[in-house]
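Trainee: The region 'Disordered' annotation in TrEMBL covers 1-26. The active site, proton acceptor annotation in TrEMBL covers Glu124. Residues or ranges marked as domain 'Radical SAM core' in TrEMBL: 130-379. Annotated [4Fe-4S] cluster binding site per TrEMBL: Cys144, Cys148, Cys151, in sequence order. Residues annotated as S-adenosyl-L-methionine binding site in TrEMBL: Gly208, Glu209, Ser240, Ser262, Leu263, His264, Asn339. According to TrEMBL, the feature active site, S-methylcysteine intermediate maps to Cys382.
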Amino acid sequence: MSATDVITPSRLKPMPVSQPVELSPKPSLIGMTREEMGAALKEKGVADKQIKMRVSQLWNWIYVRGVSDFDAMANVSKDMREMLKAHFTIARPEIVEEQVSNDGTRKWLLRFPPRGAGRPVEIEAVYIPEEGRGTLCISSQVGCSLTCSFCHTGTQRLVRNLTAEEILSQLLLARDRLGDFPDREAPQGTIMPAEGRKVSNIVMMGMGEPLYNFDSVKTALLIASDGDGLSLSKRRITLSTSGVVPEIYRTGEEIGVMLAISLHAVRDDLRDMLVPINKKYPLKELMDACRAYPGLSNARRITFEYVMLKGVNDSLEDAKGLIQLLKGIPAKINLIPFNPWPGTNYQCSDWEHIEKFADFINSAGYASPIRTPRGRDILAACGQLKSESERMRKTERLAFEAMMIANHGED
Ligand code: SAH
Ligand code: SF4
């Protein structure tokens, strides 16, 4: 695709929440690599000499213009569109629920059709608007096989991995809903400017452990960063892992996005309890993998996430241990006030205490922003995502929301 025009995104317009889609056995073109898409077209009889051109056309319609209907592809012949409709889909997942927090955070509960003999599954994606940027938090699995003791998602067993299509669909759907695709009338060859997008950043920090779904996450992120399509810079994509060490090496070599590590403790005995994968890949191995992450510099640091749990991991001894542990790694420490959820025994450290902890780390030369909780009122904050059958009933949710407001004010 050649970039001829740069246009601004269409304005945010209200759109009806999508209707349940018919369960379709047709494969989706979303999430296929160019090679896979070419092979799929060839199998349906598209001539060899046309394949490259057809793939570029489809790529542009799907990822630059964000169409979800083959009939919108104006420069594709009617016959070709009929063939595509007969064999493939580019439909979005069903929106089961869309909630908007009082701080502007949006959460979508999305339903994907069954794969093979399975059942439909539901996951959550969250959009967090901030000054000058907007971040979409994407899920990689339905539930999680790990059981970090402070995480709500960890109480939901793993149902299945998401496919590359389902991972990318969260981004496409968010951009649809936020009016972040160019107007359909824009000329062919249009690209979206990197500036001014509603979704300027993505983080793999939703439900699931992305590195336990490596292949699909890799395919999805390479498509999201493809310069002729969604065009998100790899510096604006962050993958967060609880510490699956072998796949951290592969992430550096094969994906090349920014890395975040859910650290949460600086001693193996405590981390074994909070982040049980530590028993398999203890701190020493985790830190070695971080040190070896390619391309690290002061401008390209690893983010270490550290949830602040009152009386558990928040002493000044812990802060000292943290500085010790990260020595020599270009690092930023993201302090996350613990977000409570129904049934948890943990409490969030007091605010002044978190600030003291942050100051201590700061004075050792590390940036240590405190992550402002966003969307807590709609259970959209870190570690609060959970879906499907175990979703809270409305009455339970109202009681929980009242408790949150009483404890935290309307943050
Ligand atoms: N599974 C991946 C990514 C998803 S979790 C991982 O663990 O890194 C995104 C971040 O939120 C992680 O750092 C996670 O440890 C943290 N988190 C989980 N539950 C939380 C909670 N209740 N309050 C605050 N942060 C939480
Ligand atoms: Fe899974 Fe991450 Fe939650 Fe741990 S913190 S249970 S790895 S989603």
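Our numbering is plain: 1 for the first residue shown, then up by one each step along the chain.
Using N, Cα and C of the backbone, Cβ positions are placed for all residues, glycine too.
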Trainee: Across all chains shown, how many C-beta atoms besides its own are within 10 angstroms of the C-beta of Ser240 (S-adenosyl-L-methionine binding site)?
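Mentor: There are 22 of them.
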Trainee: Within 10 Å of the Cβ of Leu263 (S-adenosyl-L-methionine binding site), how many other Cβ atoms can you find? Include all protein chains, please.
Mentor: 29
Trainee: Under DSSP, is Gly208 (S-adenosyl-L-methionine binding site) helix, strand or coil?
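Mentor: Assignment for Gly208 (S-adenosyl-L-methionine binding site) reads coil.
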Trainee: Consider the recorded positions Glu124, Cys148, Cys151 and say which one has the Cα lying nearest the Cα of Leu263 (S-adenosyl-L-methionine binding site).
Mentor: Cys148
Trainee: Under a threshold of 6 Å between Cβ and any atom of ligand 2, which of the binding-site residues Ser240, His264, Asn339 are retained?
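Mentor: Checked binding-site residues vs ligand 2; nothing flagged, none.
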Trainee: Where the record says Gly208, Glu209, Ser240, Ser262, Leu263, His264, Asn339 bind S-adenosyl-L-methionine, what is the longest distance in Å from one Cα to another among those residues?
Mentor: 19
Trainee: What average pLDDT is reported by the model for the domain 'Radical SAM core' (130-379)?
Mentor: 93
Trainee: Under 6 Å from ligand 1 by Cβ, which recorded positions from Glu124, Cys151, Ser240, Ser262, Asn339?
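Mentor: List returned for ligand 1: Cys151, Ser240, Ser262, Asn339.
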Trainee: Taking Cys144 ([4Fe-4S] cluster binding site) as the reference, which of Gly208, Glu209, Asn339 (the binding-site residues) have a CA within 10 A of its CA?
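Mentor: Checking each Cα against Cys144 ([4Fe-4S] cluster binding site), the hits are Gly208, Glu209.
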Trainee: If I take the alpha carbons of Cys148 ([4Fe-4S] cluster binding site) and Ser262 (S-adenosyl-L-methionine binding site), what is the distance between them in whole Å?
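Mentor: Between the alpha carbons of Cys148 ([4Fe-4S] cluster binding site) and Ser262 (S-adenosyl-L-methionine binding site) there are 10 Å.
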